[in-house]
Amino acid sequence: MKHKAVFLLVVLISGVLASGCIGGETKETQASKKVQLTGDFAKDVIKIGKVLEENGISEVKFSAWGSGDPNSVMRVYGIVDAAYKINKIWKENGISVKITVTVKYDQSFNDQYKEFLSKQPLGQAGDFFVNSYAFLSTLAEEGYILDITDYAQAYQSVINDFYPTLLDASKYNGRLYGLPQDTEARPFYVRKDVAQCVGLDVSQLPEKVKNGEFTWSDVYYWAKQAKEKGCAEWGLIHRKGSAHPDLIQFIFAFNGKLYDENTGKLVLDVPAVYKWLYVEWKFARDGLLPEDIMSWDWAKQIHPTIVEGKTLFDIGGTWYWTEWQTKQYYKGRSLTPEEVKEWFAYTLFPAGEKGAKPVTLSQPFIWMINSKAGQLNPKYEELKDVYQALAFLMIIKASDPKINAIHSVISAHLPVRKAAAELIKDDQWLNNLKALNLDLAPEVKENIKDIVESTVNPINAQFLADVSYMLQYTHFAPSHPKYPALADIFKDAVDKVLRGEMTPEEGVNYIISKINADPELKDNIEIVGEIPKDWKFPRGD
Amino acid sequence: MKIRKDKLYTLSFFLSPMLIIVVLFYLIPLVLTVYISFTGMKNWNIERYMHDFVGFYNYQRLFHMFKYDPTFKAVVLTTIVFVGITLIINVFGGLGLALATFFMSERPGNIYRLLWLLPRMSPIAVYSLVWYYFFHGSEIGTLNSILLKLGLISEPIPFGQIIPWGAWSIIIFVNGLVGVSFGMIVFTSALNQIPKEIVIAARVDGASGWQISKRILFPMMKWHFLYVLTWQFLSLLTTYPHLFLLVEWDLVNRDYGTTLALYVFNTAFGRGEQEQGLAAAAAVILSILGIIGGVITLKVLEFEKMIKKPRGEIE
């Protein structure tokens, strides 16, 4: 009797399990696990929503990682807003699925990159990652970010609206690994009141710089005048650190190069690097540039010196324009847009010498998708393609011209899409942004309202329009895995030369020995040219 | 010496928790580190590079870098000076503090000890930031601003950029302040184990504080002294977090603020491409240096003599 009961129980349990399995299988084969994108955003979103719903998914969780200056928070809130728009479409169509996005916004893009690198293999990195294009090659090479080339084919009309050079920066080995999020130029700022004091006419300056008539010899001359006449404490202030590629503009301004496309190797252009170090050395020796600038404090020394008019020239970035309006760098307060406009003129980075061309440098940020996007959601293995397609649609939505234009205006970065560039010229749209009278996620409005309040202004929009031409003169730092190591060496050499520990010649030799000391660097860097023997600075021509 | 079976079981039972911990947290990581040092592991891509054997390539590369790097001499010198002087400060400073608080009454003694523990309890970034602003080489630096206000200097002094001793002084000071509390705790605990009666009797006989320390306390603390010395030596040889921040924030000169441990860390983890294979090779070399240094310390201080067999029956 007892045996019979046990036998019956086993049969019963097996029956229940078998029916469950069979039933489950039937259900799963019915639900689709893939979607084919059509290029019609609403249609694609609805299709994905239905697939998720059929598979019993009611909530999709994503996380967005971004970094940068405080005004650039749209790098993560763009994703939040994309989720809001998709949720809205789903709701309107009776699809009961919802996307929730958590954000992580850090100050240092370099540190966040390192964090992404170490956490991605563990499955703990953000699903969306916005960072410098400089890291894209390494991330793509390691398989840490999603190749979106096939998805992008369906959205060719959107893709075509991006500036082609920026799309190139989003590619690796001919495949697309992200969408441009922003870019910038690095204007050469001139303090108008100091210029007036020394008798430098700034009205014609941008044109003269553009034509290569105003070179670094002239910068030296006027900087010296400013110092000698007591118009300013310094002639020139520039940025610091190896992560910021501002100073390598000198290499391009002296007709040098940093990358050889034919060999895929980095280049140490000895004549150009020597001239760069010589300029730094000369400025510091003559007291026109602080010899310890590389260890100056950003908030307490660098920015206050510029906004308080203690220097004639400054090598900066477009984002300075709004950063000065939101941070208390000027005697304990921030500047008004009117003050920034009144006090600063801006040009391209002048040519190093006669015969060379003016330059600027861009470091586009790219919206990248983690190759494990959606991994923390239910049925990830089965629905991987669906989650990835959804993530792609989210960066398409986050690249909406309106979102891109908002980011540009409030952070003084340049638009990456032609449609966004048009939008920032529209006064009516700017007024709507000022009043936050736009269809944005409530969370986004809440988080950008203070920045919008202090930065949305026709003056700032005009500034962006005015500096857009600089992109025609732009260069990119090489997207090469070994470049950060070379940039570190450059930083050390500049520091030593500025402090007078090394002559420019010794500085160049120091760079060469550091490269030769690491076999991997040596293999990846071509050293070209020699230190020019009869080169003089300033030339006085 | 043969150990009886039941004795072996008893020993295994009591030793097993410690053995498991040693295997889990020391032996396995050590074996893994040695293994990784023979692979081309980079960018944390375990899946891709775990079986990418490169032989001694990482070691060869490291030696090549050490040999030809123009700033390596500064790194070696900094390591020797930093470990040497900070070790002296940590050990003798800790001893001094423990003795000073030992001769105090209990309440103020405890307060002083707590004060010296504060640097250890503060988060590294916060603690380093305090000293960053204190020693900053411009008028925004607290020390410079005080000296300027007192009229002792007319121009700010770039303390961390005065090479080599300016940079060395800052890194030694900042790390010494953290490390000294370790010795203090160990020595205080050792002092508390010494029967009070001996000290009281010496006092009654008219011995001074120095005589008590020299004749009674120091000899009884030799074991602890050896422990603190060895531990702190190994710890200083591999320490880098405070140094990393001070160098990263450009407070101290990069060459003379970088020890071997930080050099290894920066070479392997501080750049755009993170190379775990190279890091592991460097870590193995550092471990070997640590082991050699540790053994020398134990020999010099005659560790064997301190481990004496009990005079009574063992069985």
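Note: Cβ is positioned from N, Cα and C throughout, glycine not excepted.
Given the structure is predicted, the values throughout are model-derived calculations rather than measurements.
Taken from TrEMBL as is:
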DOMAIN    B:76-297  domain 'ABC transmembrane type-1'
TRANSMEM  B:12-38  transmembrane segment
TRANSMEM  B:74-102  transmembrane segment
TRANSMEM  B:114-134  transmembrane segment
TRANSMEM  B:165-187  transmembrane segment
TRANSMEM  B:225-247  transmembrane segment
TRANSMEM  B:278-301  transmembrane segment
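In terms of C-beta pairs under 8 Å, the stretch of B:12-38, B:74-102, B:114-134, B:165-187 lying closest in packing to the transmembrane segment (B:225-247) is B:165-187. At the 8 Å Cβ cutoff, the transmembrane segment (B:165-187) and the transmembrane segment (B:12-38) share fewer than 3 close pairs (sequence separation 6 or more) and do not count as touching.
Residues 97, 140-143, 170, 173-174, 177-178, 180-182, 184-185, 241-242, 245-246, 249, 251 of the same chain lie 6+ residues outside the transmembrane segment (B:114-134) yet bring a C-beta within less than 8 angstroms of a C-beta in it. Counting same-chain residues at least six beyond the ends of the transmembrane segment (B:74-102), those with a Cβ under 8 angstroms from any Cβ of the stretch are 109-110, 112-113, 116, 164, 167-168, 171-172, 175-176, 179-188, 190-191, 209, 213, 217, 221, 225, 228-229, 232-233, 236-237, 255-261, 263.
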